[in-house]
Amino acid sequence: MLKMLSNEDNNYLLSLIKENKMVEAVFFVKENKMVEAVFFVKENKMVEAVFFVKEKTGMGLKQAKEYVDTKRINDNTEHTGSNIISEADEKYIFSLLKENKQLEAIAFLHRERKISLEEAKDYVDKREFKNKISNEKIPYKKGYIIDRKTNTLIRDLNRQRKFSKVVHYIILISVIISLIQFYFLDKTSLEQMLFFGLSIAFIFFLSIAWLALTLNISSLEKRMNKIEELRLELELSREFEIKSLKSNWTLLFCIVIGSLLLWVLPTHINILIEELTYKSALNVIILIILLGFCIYNFFKELKNRKYSLSVSGETVKIFYENKEINSIKTDDINYIEFYSTTHKRNIGTPPTLRIFDNEKKMLVEMDIAREDYHTLTMYFTNYNVLIQDKYNEI
C-alpha cells in the first residue's frame, strides 16, 4: 500500500512541481513508493490516478493531474531505454536520418544513451517511418481545400456557393429574356421558333445543373456538421465501437463474374484439348487467373465483414465474429493505413482500414463507414499514432 508523504516531503514535492521539475518529482514520488498511482496509470485509469495522488499527497487537483500526465509520458518513452531521449537528441537523430545515416543514429543511441541495439534500431525505424509519412503532402486537387481539423481534402464550399449564385442569376436572366422573346415571338418563323426552343432547353439543363450543385452543397454541409458532432462526442467519451461495412455489392459482383467465368471456362478447355495452340492456352490461363481473383475477393470480403473494433481509452480491441482475438495499446501500434479499394474513388466507395503493430504485422483489414473513418482519424491523431492516409477526402 502507498506510504503517506510527510509535510516536509509534501512541501518538497510541491516546490519541485512549481519549479517545473517534473522528472525530479516523478523520481521522488517513486522513491516514496507511490506504487498504486503507477498501477492506475498503467491501467489507463487516469481519473483514479489523479484523485489517488491528490488524496495521498495533499496536492491540488491541477498539480496531481500534472504529475499523472508526466508519469504517463515517462511510461510511453520507457521502451526507448532507461534514459529519456531529450529534444536535442531527437533533433540530432532527425538530422542523421535526413542524411540517410541510419547506422550512425543507432550507434549514437547505443553508445551515448546506453540503449540496447535492438531498442535503438526499433526507435530509429519508427522515427524514420514517421518522418516519411509526415513529409507526404496531401495532393492538390482543383476545387478542393485542406480541412486542418480533419486533415482531409474537402470541396471548397465558398467557391461552390459563389458558382451556384452565378448559375442562379444566369437562369433568372435567361428566363426574363425568354419571356420577352415569347412576347414578340412570330410563330410562323421557323428560325425564331428554333431559337426559342434552344433557349428553353438551355434553361432546363442549366436548372438541373443548379439543382444538382445545390443538393451537393447541402449534402457536404450535413456531412461536415456530422464530423463536428463526432469530434465533440469523441472529446466527451473515449469509448466507441467500429463495425465493418458489409458490402453486398462486392459479393454479388464476385458471384456474377465468377459464374460467367465458370460457364465460359469449360468451352475454352475443350478448344485447348482439340487444338493445342498458344492462343487457346493463353485464353485458359487468363480465365483461370480471373476466376481465382474473383474467388479470392469473395472470401476476403466474407472474412473482413466479420471484424469489429472496440475502443476504450488507449486500448483497441479487435473482434472476429464477436470474439476478441487481439488487444493492443496505441503505443504498440506502429501505424494505421486508410485506403480505397478502387484506384479512382467514386462517391460511394468506402475507406478500408489496416492496423499494424510495432513488428509491422497487419492485425486487421476491414471496410468501414465514412463517419467511422473520421472518428478513427481524430482518435489516432489524438494519441499520436502514425496515419498513412491514402483515402483522405470527405
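Quick reminder: no glycine exception, Cβ is built from N, Cα and C everywhere.
Taken from TrEMBL, the feature transmembrane segment covers 166-184, 196-217, 249-269, 281-299.
Residues 155, 157, 160-161, 163-164, 167-168, 170-171, 174-175, 177-178, 181-182, 185 of the same chain lie 6+ residues outside the transmembrane segment (196-217) yet bring a C-beta within less than 8 angstroms of a C-beta in it.
Beyond its flanks by at least six residues, the transmembrane segment (166-184) meets 192, 195-196, 199-200, 202-203, 206-207, 209-210, 213 of its own chain at Cβ-Cβ distances under 8 Å.
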